[in-house]
């Protein structure tokens, strides 16, 4: 999909009130729910941009999420304002920056809870393995394009290095000692259904991130033996697609998460969890 440059679209905003079914065990909004909303906003604006010119229709698929910090908790009953805008485009990639604000509608108080940068690639609706071209955008300053190109090259390099570093999962031994990696290591299996998927029939990146946050919480709580919250998520790369079942039974894939390594950070109030994710076709 190529053509003349187009003006950068206005930032979109998703707003919704946070309800009890969005809560974690502590009563605040689940970090995975926020990650899912961030990805949804990014998918909307990038898909809209990639279809802004005549040509083959596509859906933007999440390829990478940069480090995301949880700056402040969001409470049940508050309104989440998720704002997204496109900040750079390459021939086959779209960079989207997202900000999340929480609003107490009783007092009018607002606070910044999250900032994130996401990368999407447009996949053809006719052929999911075909990556289409992204319509270029107009930058207000030349420096914006140059800075965006540097960010693009940096994430591309790190993404490839991470792909080659990914190895086999080491299973824990029987009866591991408390407070060891093997003791806290956990797995979570999820059967993929239609509500988890995009128009292509593949799993939303936001669904994947929410499950990753869930199993990280299990690992951290098992190790600390107390309530825990997500403070930061390092860069996440999406190397392959996970699909739903084309026929009955409605699910053919499961997703499993195993942190092969867990290390205590250099403070006594935080820890680091590492994740691997893979899909398995139950019919194969």
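For all residues, glycine too, the Cβ spot is worked out from N, Cα and C.
Automatic, uncurated: that is what TrEMBL annotation is.
Worth saying up front: this structure is predicted, and the values here are computed from it rather than measured.
Under the heading active site, TrEMBL lists 24, 213. Per TrEMBL, the feature domain 'HotDog ACOT-type' maps to 8-126, 182-284.
With respect to their backbone Cα atoms, residue 24 (active site) and residue 213 (active site) stand 11 Å from each other. On the 0 to 100 pLDDT scale, the domain 'HotDog ACOT-type' (182-284) averages 70 in this prediction. Under DSSP, residues within the domain 'HotDog ACOT-type' (8-126) fall into helix, strand and coil as 23 helix, 57 strand, 39 coil.
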